[in-house]
Amino acid sequence: MSRPISIDNHCESDPVASPIESLVKSFGAQQIVDSVCGSPINACGRHIAINPKNERLPDTPEFQFSAYMTSGGRALGQNTYYMFGTPPSCTCSQENIPINSLNPHMICGINNNYMNPQWIASPMISHNHQLTQIMPHAFTDPQMHQVPTQPIRVPLQPSATGIFASTVRENAVACDLLTRYRSNPALMKGLKLSDIKGNLLKFAKDQVGSRFIQQKLEYCDKKEKDSIFDEVVANAAELVDDIFGNYVVQKFFEYGEEKHWAKLVDAVVERVPEYAFQMYACRVLQKALEKVNEPLQIKILNKVRHVIYRCMKDQNGNHVVQKAIEKVGPEYIQFIVDTLLKNHKTVFDMSVDPYGCRVVQRCLEHCIPKQTRPIIERILERFDEVTNNQYGNYVVQHVIQHGTDEDRMFIIKRVAEKLFEFATHKYSSNVIEKCLEEGTVYHKNMIVRSACNQPEGNMPVVVQMMKDQYANYVVQKMFDQVTTDQRRELIQTVRPHIPVLRQFPHGKHILAKLDKYFIINYPYQDHPGKH
């Protein structure tokens, strides 16, 4: 912060010394120049170059006095248009004297105190309205009335952020509340939400200001929340899609009361079909669906209904639909299920869509069996296509996890029939691993038997799988998930082919992992390579 000093005339009978005379005697002219002119913004709002090393650089302004002369040549009064804000465009007669070219004795010889009530204003400048506004005390007639000297506070150092301390010209250089808070939050710890009333929008749309509001909303009382709530509602349309403002609205849904929820929902509900597709506004809708009561949830969903299909396939809208499936009762989201079942192709299209697949997964997790049954049937109708798809394989994994025993049996039978084909595929190999994690001992046995099968004229399927970049992970999962007897059967099938497997990068990798199983299941003398 700037360190101000006060210059006051404490004795009316003593000769009045100007501020510049007093400062020059104590600090020297150059220090005054650098102290006063070092701030990024002067009293007129003009930016001033900073020269901390007292060097005379081309971009460093001269600190100048404007001397107003009478016909007799005596200087009646003057000021500096860098220190006290006289406009350089002033039409008054003046003689500009660079302070850098004067020594302290010359400066002290000039009557340069515009705050000094002893000097007489020149007629040729007293009419200047702009100057009289800037220097109200300077243009007074001591014979008419004597204006008492007011203390002035001159910053000796600019603050780190270029913000002046409070001065008599505070209205010219004062910074708003947000700027002061950003400059030094530690000094404004006592700031309350009620203190920013009238500045809510500015705070909420600022990164630091938004964080301040969020933190206060978590712990403040009802009265403090109410003090800014009307401003939040009034500016809701602007805040919900703002990068920082949306978090303020979310916090009101999270820490507010039902009366707050109702007013906020009313403020945004008409534009829900628009907000669902916006990056930040969609988060507000998600938070609303998560926190508000059922009637308000239904009110929001009635607007989402009109754009539901597009929402499912949208990168932002799909999150709103997911949250609705998670938080709203099954009877109120039937329209989502109906959209998926619109025709036989819709479920497949959604299952292989990067965003739609998430909606299908949430349906499988949260919907009631009456709703999920037709969805699963449509997925299994095109099982191979969905399983081999980049996004569809996750849908099939959800069927394994949340479907019925009949659904799992259907999938595992299909996997066992085409084990090598699915295992060597980048995406469907994930489905086999899920079968091993979720399946029963009987299900796992079906897969192990298929892996140990040796087609005529070929190596066993499990050995072929160990050579493949994707299938070798399926084999590793088998050894981790199957029973001891099933693992022994796999080892006996693999053992004769170890020399061949060591020639393949993936084979060597998996054999290193399987060493512990060989040692555990076979005596040392029977370990391969030790005969």
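Glycine is treated like the rest: Cβ placed from N, Cα and C.
Going by TrEMBL, these are the annotated features:
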- 173-518: domain 'PUM-HD' (DOMAIN)
- 195-230: repeat 'Pumilio' (REPEAT)
- 231-266: repeat 'Pumilio' (REPEAT)
- 267-302: repeat 'Pumilio' (REPEAT)
- 303-338: repeat 'Pumilio' (REPEAT)
- 339-377: repeat 'Pumilio' (REPEAT)
- 378-413: repeat 'Pumilio' (REPEAT)
- 414-449: repeat 'Pumilio' (REPEAT)
- 457-492: repeat 'Pumilio' (REPEAT)
Range from 231-266, 267-302, 303-338, 339-377, 457-492 with most C-beta pairs under 8 A to the repeat 'Pumilio' (414-449): 457-492
The repeat 'Pumilio' (231-266), counted residue by residue under DSSP: helix, strand, coil: 28 helix, 0 strand, 8 coil
Intrachain neighbours beyond the repeat 'Pumilio' (267-302), with Cβ under 8 angstroms and 6 or more residues off its ends: 233, 236-237, 240-243, 245-246, 249-250, 253-254, 258, 261, 310-311, 314, 316-317, 319-320, 323-324, 327-329, 332-333, 335
Helix, strand and coil totals (DSSP H, G, I; E, B; other) for the repeat 'Pumilio' (457-492): 26 helix, 0 strand, 10 coil
Secondary structure content of the repeat 'Pumilio' (339-377), with strand meaning DSSP E or B: 30 helix, 0 strand, 9 coil
Model confidence over the repeat 'Pumilio' (303-338) (mean pLDDT, whole number): 97
Within the repeat 'Pumilio' (195-230), residues counted as helix, strand or coil by DSSP: 29 helix, 0 strand, 7 coil
